[in-house]
Amino acid sequence: MNNLYQRDCLRLLDFTSLELQNIITLAQKLKQYKKNNKEIQLLKKKNIALIFEKESTRTRCSFEVAAFDQGAHVTYLGPGSTHLGTKESIEDTAKILGRLYDGIQYRGHHHSTIEILAKNSKVPVWNGLTEKFHPTQLLADLLTIKEIFPERKFYEIKCAYVGDAHNNMGNSLLEAASLVGLDLRLVAPKECWPEKNIFKFCKEQMKNKKGNIICTENINEGVKNVDFIYTDVWVSMGESQEVWKKRIELLSSYQVNSLMLKITNNPQVKVLHCLPALHDQKTCTVKSILKKYGFKNGMEITDEVFQKNQKIIFEQAENRLHTIKAILVSSLLKTIKF
């Protein structure tokens, strides 16, 4: 019996440490099957609803391809194409979708919405991103880290997340570290540290593990001897100009650049980025943003560092597919047989 059958994935703490690592192991196996053209379709006749209140590239494509690879069908419900929470309550929408579909993915603005969907739909619900958590991204990150260091335990791996950690990425990184024992440093000004209650809870969970979690403003302390530096965009499209200005002023000295890599004292340090990245000026939007705020060579990461690490970064992005596929298979099948 698969103990993840019919389980939701709203946040990583929905799983135990063993369950999380089993998902990573399954993702490795599914990735190998796909690479070897030996995909076994385990989800035939399954129907999946993809609710996107926020637009997406990687999350949507990963869910769709994962479902198609496994023989499932999907319905994409994009921004403005449902009555969710407007003409119809979230509860009522959840109840009807739960009768029509075997599982529901939600990507949107409010974590409370996905909690209501999960409570009322009676089918597995998966979080593609909310303002609180981004669990599917962290599953891909853990798979990427494991692929680079297959022989090392997570507690033997040091990762510094540099930039804005007061968001879904900071929260999910904390949860991931607390479950697998990753040695995690969140390197940011205090205004950009994660919520205190989440940090305190995850720190408490680490007591019986060999890893560690710290928050620090000190870049030298935070990145010294790390195996990975991880960053993300400092601001999102749609946030006000006031938010952009304040955030960029706070984080301008936390750019991931060649100097920061030297500070790690590790010539083999790897860089992760969950994308999209403001690293070059090849689009009008990014070009205007960089010019407005006085950046000549990328914002949160320089183009030089991005290009040198692009193989890992795009592998990390591809791993969204394989880990999401593992989540779908785990939650929609009573027994997993290859």
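Even glycines carry a Cβ here, placed using N, Cα and C.
Taken verbatim from Swiss-Prot:
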type    : residues                                                                                   : note
BINDING : Ser56, Thr57, Arg58, Thr59, Arg107, His134, Pro135, Thr136, Gln137, Cys274, Leu275, Arg320 : carbamoyl phosphate binding site
BINDING : Asn168, Asp232, Ser236, Met237                                                             : L-ornithine binding site
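Feature annotations (Swiss-Prot) mapped to structure.
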residue	record	DSSP class
Ser56	carbamoyl phosphate binding site	coil
Arg107	carbamoyl phosphate binding site	strand
Pro135	carbamoyl phosphate binding site	helix
Asn168	L-ornithine binding site	helix
Asp232	L-ornithine binding site	coil
Leu275	carbamoyl phosphate binding site	coil
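Around Asn168 (L-ornithine binding site), a 10 Å sphere centred on its CB holds 21 further CB atoms from the protein chains shown. Between the CA atoms of Asp232 (L-ornithine binding site) and Ser56 (carbamoyl phosphate binding site) there is a gap of 16 Å.
Cβ neighbour count for Gln137 (carbamoyl phosphate binding site): 27 (other Cβ atoms within 10 Å of its Cβ, all protein chains included). Looking at Arg58, Arg107, the binding-site residues in this record, the fewest other C-beta atoms within 10 angstroms of the C-beta turn up around Arg58. Across the residues annotated as binding carbamoyl phosphate (Ser56, Thr57, Arg58, Thr59, Arg107, His134, Pro135, Thr136, Gln137, Cys274, Leu275, Arg320), the two Cα atoms farthest apart lie 16 Å from each other.
Across the structure, Arg58 (carbamoyl phosphate binding site) and Ser236 (L-ornithine binding site) are spaced 16 Å apart at their Cα atoms. A simple way to gauge crowding: the CB of Leu275 (carbamoyl phosphate binding site) has 16 other CB atoms within 10 angstroms, across all the protein chains here. Of all the Cβ atoms in the protein chains shown, 27 others lie within 10 Å of the Cβ of Pro135 (carbamoyl phosphate binding site). Asn168 (L-ornithine binding site) has Pro135 nearby among the binding-site residues Ser56, Arg107, Pro135, Leu275, counting only those with a Cα within 10 angstroms of its own Cα. On the backbone, the CA of Gln137 (carbamoyl phosphate binding site) and the CA of Ser236 (L-ornithine binding site) stand 16 Å apart. The two recorded residues, Arg107 (carbamoyl phosphate binding site) and Ser236 (L-ornithine binding site), show a Cα separation of 15 Å.
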